[in-house]
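There's a structure below that I have some questions on.
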Amino acid sequence: MKITEIRLHQLLMKMKTPFTTSFGTQQDRFITIVEAIDDSGLSGFGECVSGEDPLYSEEFMDASIIAMKKYFAPLVVQNEIEHPDEVWELFKPFKRNNMAKAAIEGAVWDLHAKQKGMSLSEAIGGKKRQVEVGISLGLEDTDELLLERVQEKVDEGYKRIKVKIKPGRDIDMIRKIRERFGDIPLMADANSAYTLDDIETLKALDAFDLMMIEQPLAAGDLIDHAKLQKEISTPVCLDESIDSYESALGAIELGSCRIINVKVGRVGGLTQSIKIHDLAEKHDIPLWCGGMLEAGVGRLHNIAITTLSNFTLPGDTASSNRYWYEDIITPEVVAEDGIVDVNTSYGIGADVDFHKMNQYLKKTDVITEANTPDMIFYN
Ligand code: OSB
Ligand code: MG
């Protein structure tokens, strides 16, 4: 394929409600939609999921935009690409910046699928036609408010409820949820808020029969998680610690987790996600697809990866309207009773609606072979 142009559509969206984790609160969502255009005028789309600030991981949107503009978009317009699985190798000399890499690679994958007349799910080898989804609920000011949120989402039929925890907002809060809602599929995500010094608290959570505890300890850590997993019966699920195929292999070999949350952006794209999928499947480690508060494009990429066989647990890809008054795609993503139908038409399976997107658009950068910025300095 010949990609002639990459457009970086930089959006500022506002979520319906603030989302609070152990690392902070966000409501403004800075999102970059990558559009890869081929020589016949066909467009593929990807989404950069970096946060506004480097709180979840080291990546942040301003840095990702520079990385895309300066390195990854130019590589894609300057090289002939036969298949999207070459893109990771093309980007490899440049270290990390996985979310920037994944956004560009995602647009190439969508374009490839469209050129072949396939859905993105088909193009990556996915078979499921429906996927089960859960929901991730942020911390609320009071437990009572959280219980109301949980009630709403249980009523909407989400297949599992994930709540955020942090020291001081854990045991009592989880107990109240269990008391009110009985044995609903429930899990907790700590976003790295604990250390092994908190082992007694983490052990106490075993009493609540959680499906898993997500990323209790430091991002990047595998050793302490392995120690923790030996001490608790609740399965540990790693999110932040799995940022590559190699870290997934390390976690599996060390016994750092029993479940892995795959985020396409965090691991550097669909090609790496597939590699981790195949590895985990071989080792009987179930997967689910995490979320990064995506707009529609990223949401559809998440659904596509979830159609692979070893994504056996409900992910965080909730309906568009859980986050946005108006998403940027038509049709929007809709979960009914916690089930999303996989659109099998072609590519990501919905159109980017420029009319809707333009209301959020701040800037579009265009990278072509004739316009590849070498140095971005105070600009
Ligand atoms: O840890 O899974 C996380 C959102 C932003 C950053 C990190 C995480 C999350 C979520 C929400 O839990 C997932 C979603 O609904 O998109
Ligand atoms: Mg998480």
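Even glycines carry a Cβ here, placed using N, Cα and C.
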Per TrEMBL, which one of D189, D197, D198, D224 shares the Mg(2+) site with E214, D239?
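As annotated by TrEMBL, E214, D239 share the Mg(2+) site with D189, chosen from D189, D197, D198, D224.
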Between the Cα atoms of D239 (Mg(2+) binding site) and K263 (active site, proton acceptor), find the distance and write it as a whole number of Å.
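Their Cα atoms are separated by 8 Å.
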Of D189, E214, D239, the binding-site residues given in the record, which has the fewest other CB atoms within 10 A of its CB?
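Minimum Cβ neighbour count within 10 Å, taken over the binding-site residues D189, E214, D239, occurs at D239.
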By a simple count of other Cβ atoms within 10 Å, which of K164, K263, the active-site residues in the record, is least packed?
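Looking at the active-site residues K164, K263, the Cβ with the fewest others within 10 Å is that of K164.
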Quick one: of D189, E214, K263, which recorded positions lie within 10 angstroms of K164 (active site, proton donor), measuring between C-alpha atoms? Sequence order, please.
D189, E214
